[in-house]
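Below: the structure, in structure tokens.
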Amino acid sequence: MGYKEYLSIAIPFVISTVTQPLLGAVDTAVIGRLGEPAFVGGVAIGTAILNTLYWLFGFLRVGTSGFSAQALGSQSEKQIYFAYFRPLFIALCISVIFIGLHQPILEGAFAIYEPESRVLESTQTYFEILIWGAPFVLIGYVNLGWIMGQKRIKETMWLQISTNLINIILDVVFVFYCDFGVAGVAYATLIAQGYAFVLGLWFISKIITFKRIVHFKEELLHKGELKKIMSVNGDLMIRTVCLLAMTNMFVARGNRFGVEILAANAILFQIQYIISYLFDGLANASSIFAGRAVGAKNKEQYHEVFRISNVMVFGLSMLVALMIVLFEKPMIALFTDIASVQTLCLEYTLWLAIFPFCVGIGLVYYGVFTGATYTKPVRDSMVFSLFIFVVAYFSFIPYFDNHGLWLAFILFSAGRSFFLFRETKKLERHSFS
């Protein structure tokens, strides 16, 4: 393994992965053009509620990718099947629960966020349409994770890029040409989610024969293997709970600063998502190579994964920070033409320039740890980081207002990198003992 092989996987993953936050970014940008901050705030809160639900079970992609990569490394046909069908069943059950409980979920979210009446109406419209996409999203996580773990790069790119292009086109058509407003943004995303679900199933059907799972049905629900999956997924769920706690505290506090601050933070957070997903593309590549190295018990390749990952993190951090500093004004202008919101965004863009240096290692090492399916340190690092965020949240916001909120976020991001970096020796002992 060298830089050429790593980049042959990483670059397509970066390109395809970074299109994912463009869904939310385009939603925000399209709504931002309607000239009403309450619409932007409503979509921001609606997105936060849905992200709380879906990210809580984001392990369905990450965990599936790790198990799929290890199954590929071990060259075991039945493990390749198990890596897909076990999380598929979990995803189906969870999505049914989400739809059944969507009204209490929405009411609980309103109790937490306490949005203004104009924001509340937009949030309700957005959420009540998109909740019906729960099966598409959660099973889509499993589909994407399994395909990525099998190193099917072209399929991964086509699945993500085509889905997001469809969403972008429908956003523009439904909002600007059909005048559907917030509902148009939601319907565009729902249709794109359904498309991704169907396309993912089609790709997988070309790789494996679904009906062959009956040959392994007796082992499919093996208690020991299910326990391992639940252990990995449980750690990743706790990790996600911590991330969501931070995100929701951030959004809720921004809401108390007023509608314009809420809108500005929503735009900056969308840019932060794009940056995070750039690193997530590297994390996906590192996860696959780490999973393959651990599955094949190849310690030399394992060390090479870390060496190359570190170089990639530093290079990408420098590039992202430079782009933010040079192009902050046109970047913000893409999201909104509301002058007051633009001014507020520019006041806080320095935090975005600092962000990649703080979070890069944490995001990419997350991929390495999950690829090796050793997730306890991932869980612990996020718990410690959330503690740092809470302390900073209550310490700095009373003195620095929204700057204090962003400082707490940056410290949280740096904590993710610091605590996970400390655990790399444990990962090696666990993987090759």
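Just so you know, glycine gets a Cβ as well, placed from its N, Cα and C.
What TrEMBL says about this one:
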- 7-26: transmembrane segment (TRANSMEM)
- 38-60: transmembrane segment (TRANSMEM)
- 81-105: transmembrane segment (TRANSMEM)
- 125-146: transmembrane segment (TRANSMEM)
- 158-177: transmembrane segment (TRANSMEM)
- 183-204: transmembrane segment (TRANSMEM)
- 306-328: transmembrane segment (TRANSMEM)
- 348-369: transmembrane segment (TRANSMEM)
- 381-399: transmembrane segment (TRANSMEM)
- 405-421: transmembrane segment (TRANSMEM)
Selection from 158-177, 183-204, 306-328, 405-421, the stretch that has most Cβ pairs under 8 A to the transmembrane segment (125-146): 183-204
Close approaches to the transmembrane segment (348-369) from elsewhere in its chain (Cβ under 8 angstroms; 6 or more beyond its ends): 264-265, 268, 271-272, 275-276, 279-280, 282-287, 290, 305-306, 309-310, 312-314, 316-317, 320-321, 324-325, 328, 331-332, 375, 377-378, 381, 402-403, 406-407, 409-410, 413-421, 423-424, 427
Cβ-Cβ under 8 Å with the transmembrane segment (158-177): same-chain residues at least 6 beyond its ends: 15-17, 19-20, 22-23, 26-27, 30-31, 33-34, 143-144, 147, 183-185, 187-189, 191-193, 195-196, 199-200, 203
